[in-house]
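*Asks:* One structure follows; several queries about it will come next.
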Amino acid sequence: MLSEKQGEETMMSSLNETIELNEEREEEKGASPGSGFKNFLWHGGSVYDAWFSCASNQVAQVLLTLPYSFSQLGMISGIIFQVFYGLMGSWTAYLISILYVEYRSRKEKENVSFKNHVIQWFEVLEGLLGPYWKAIGLAFNCTFLLFGSVIQLIACASNIYYINDHLDKRTWTYIFGACCATTVFIPSFHNYRIWSFLGLGMTTYTAWYMTIAAIVHGQVENVVHSGPKKMVWYFTGATNILYTFGGHAVTVEIMHAMWKPQKFKAIYFFATLYVFTLTLPSAIAVYWAFGDQLLDHSNAFSLLPRNAWRDAGVILMLIHQFITFGFACTPLYFVWEKVIGMHDTKSIFLRALARLPVVIPIWFLAIIFPFFGPINSAVGALLVSFTVYVIPASAHMLTYRSASARQNAAEKLPKVIPSWTLMYVINAFVVIWVTIVGFGFGGWASMTNFIKQVDTFGLFAKCYQCPPKLPASNHTMHH
């Protein structure tokens, strides 16, 4: 038993030494004259940076669609699903962090260097479980992040329309596609320090604006809260919440940007607790005020009264969507760089040029499927369910299936989980629940709703869910 413990300590020492060396290098970089302020804004590898990145990335445009989900689910189910999926998301993010540390400790033991190389989830799967798992991880992760980026573009166009309706949403998508393409200049998550901080501040403002504005507005006349009304709506709403707390597809990249990745384990959980303070009050207040009207208004901004406070919320969410686009797209940039052999290039401008082809299909898909709201649920059911719930839980069970793997695990079981049996029971529950409820029922409901949107509005819809113009005015009709 003593030799096993010594072996484990040896295994982890290499990882610790490498990480400490990286931290020293970062400190040396910051020591040069005149670079202190730049490093303060640009270089972020602390626990706090990771927390801001997780919280900022987790709740973006989906904040605006959660009241819509509540109208489909009803108040009680909406609250329960938020808490349930928030905790489940934190659990699977924890599993991903454990697998990352396991993979990295094994590779460091083999003297593998990760200088100028960002470890990604599919590489962790390949290192621990083989090439088939790499293919599965790569396919699901890239497709999810691709559509995650598409959703941010759609949200930009949907939001700006509520300030300036002189251009249709499709035209705004063209404009914001060009703006979001500038994220190619941000090298990695290590350089998102100031953006993550600002992004979370913007989301916090918008969430509390929605809450206060809905309460001040009060309930609309003859308000009706009929949810849950239809099974299709119920599972569509539940799957949008599954999508909300499935933002940990970039966990590995965020961990790799940290100076001490082992400290990540509980960060996502604490980020989720903060996110609850934004998502629950805003969704509850807006649904309380507008009720079933939300069934035809997937973007909460469309029902809130137009004033300077709302316009500020729209603008801040636009900036935050630009940041979240970068979060979703950066792992895709890394994959593309590795494919074309540019990943270890030090020049920011050369890498930016190489990354541009990634933005083109995202731009195109945002113009084809402009269905803000329904597309979230479809992506949640078909992609998020496997990418960040089923695959991590299954991978964890398979990685530690042998007694020797469990004994030599780089990370011990958490104190709240006294045995491996309980660990396996929780993981099996996650896999079964998400496969049946998230992918099965959620997939059926989301695709039914998505196809209905295509039939109603058509592909390449010029202005999805835009109210008709008043004949005598250029302003949109107030609801």
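Each position is counted from 1, following the chain as shown.
A Cβ is built for glycine as well, from the same backbone N, Cα and C atoms used for every other residue.
Swiss-Prot feature annotations, pasted as is:
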type	residues	note
TOPO_DOM	1-58	topological domain 'Cytoplasmic'
TRANSMEM	59-76	transmembrane segment
TRANSMEM	79-99	transmembrane segment
TOPO_DOM	100-134	topological domain 'Cytoplasmic'
TRANSMEM	135-155	transmembrane segment
TOPO_DOM	156-171	topological domain 'Extracellular'
TRANSMEM	172-192	transmembrane segment
TRANSMEM	196-216	transmembrane segment
TOPO_DOM	217-231	topological domain 'Extracellular'
TRANSMEM	232-252	transmembrane segment
TOPO_DOM	253-265	topological domain 'Cytoplasmic'
TRANSMEM	266-286	transmembrane segment
TOPO_DOM	287-313	topological domain 'Extracellular'
TRANSMEM	314-334	transmembrane segment
TOPO_DOM	335-355	topological domain 'Cytoplasmic'
TRANSMEM	356-376	transmembrane segment
TRANSMEM	378-398	transmembrane segment
TOPO_DOM	399-421	topological domain 'Cytoplasmic'
TRANSMEM	422-442	transmembrane segment
TOPO_DOM	443-479	topological domain 'Extracellular'
CARBOHYD	Asn474	N-linked glycosylation site
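Show me how these features fit into the shown structure, please.
*Replies:* Using a Cβ-Cβ cut-off under 8 Å and counting only residues 6 or more beyond its ends in the same chain, the transmembrane segment (59-76) has close neighbours at 82, 151-152, 155, 159, 199, 203, 206-207, 210, 225, 227-229, 233-234, 236-238, 240-241, 243-244, 247, 275, 278-279, 282-284, 286-288, 290-295, 297-301, 317, 320-321, 324, 372-373, 376.
Within the chain, the topological domain 'Cytoplasmic' (100-134) has long-range Cβ neighbours (under 8 A, six or more residues past its boundaries) at 10-12, 14-15, 18, 141, 188, 249, 251-253, 255-256, 261-262, 264, 331, 334-335, 343-344, 346, 391, 395, 398-399, 409-411.
Within its own chain, the transmembrane segment (172-192) is flanked in space by residues 42-45, 49, 53, 118, 149, 152-154, 156-157, 160-161, 250, 253-254, 256-257, 318, 321-323, 325-327, 329-330, 333-334, 348, 351-353, 355-356, 358-359, 362-363, 366-367, 370, which lie at least six positions past its ends and keep a Cβ under 8 Å from the stretch.
Remote same-chain residues near the topological domain 'Extracellular' (217-231) are listed as 70-75, 77, 237, 287-293, 304-305, 445 (criterion: CB distance under 8 Å, separation of at least six residues from the stretch ends).
Counting same-chain residues at least six beyond the ends of the transmembrane segment (232-252), those with a Cβ under 8 angstroms from any Cβ of the stretch are 54, 57-59, 62, 65-66, 68-73, 77-78, 81-82, 85-86, 88-90, 92-93, 96-97, 100, 119-121, 124, 141, 144-145, 148, 189, 264, 268, 272, 275, 279, 295, 327-328, 330-331, 373-374, 376-377, 379-381, 384-385, 387-389, 434, 437-438, 441-446, 448-449.
Residues 15, 19, 22-23, 26, 44-47, 49-50, 53-54, 94, 97-98, 100-101, 104, 114, 118-120, 188-190, 192, 330-331, 334, 411, 414 of the same chain lie 6 or more positions beyond the ends of the topological domain 'Cytoplasmic' (253-265) yet place their CB under 8 Å from a CB of it.
Here the transmembrane segment (266-286) has long-range neighbours at 47, 50-51, 54-55, 58-59, 63, 66-67, 69-70, 75, 78-79, 82-83, 86-87, 89-90, 93-94, 97, 203-204, 207-208, 210-212, 214-215, 244-245, 248, 251, 294, 300, 303-304, meaning same-chain residues at least 6 beyond its ends whose C-beta is under 8 angstroms from one of its own.
Here the topological domain 'Extracellular' (287-313) has, by DSSP, the following mix of helix, strand and coil residues: 19 helix, 0 strand, 8 coil.
Same-chain residues lying 6 or more positions outside the transmembrane segment (314-334) and placing a CB less than 8 Å from one of its CB atoms are 53, 56-57, 60-61, 63-64, 118, 120, 141-142, 145-146, 148-149, 152-153, 155-156, 159-160, 162-163, 176, 179-180, 183-184, 186, 188-189, 192, 195-196, 198-199, 202-203, 205-206, 249-250, 253, 301, 343, 351, 355, 358-359, 362.
With a cut-off of 8 Å between Cβ atoms, the residues of this chain six or more beyond the topological domain 'Cytoplasmic' (335-355) that come close are 116-118, 120, 122, 138, 142, 184-185, 187.
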*Asks:* Go through 135-155, 196-216, 378-398, 422-442 and flag the stretch with the largest number of C-beta pairs under 8 Å relative to the transmembrane segment (79-99).
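*Replies:* By Cβ pairs under 8 Å, 378-398 leads among 135-155, 196-216, 378-398, 422-442.
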*Asks:* Taking a Cβ cut-off under 8 Å, which residues six or more beyond the ends of the transmembrane segment (196-216) line up next to it in the same chain?
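*Replies:* Those are 44, 49, 52-53, 55-57, 59-60, 63-64, 67, 277-279, 281-282, 285-286, 288-290, 300, 304-305, 309-310, 312-313, 316-317, 319-320, 323-324, in sequence order.
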*Asks:* I'd like the per-state residue tally for the topological domain 'Cytoplasmic' (399-421) from DSSP, helix first, then strand, then coil.
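*Replies:* Counts, helix then strand then coil: 8 helix, 0 strand, 15 coil.
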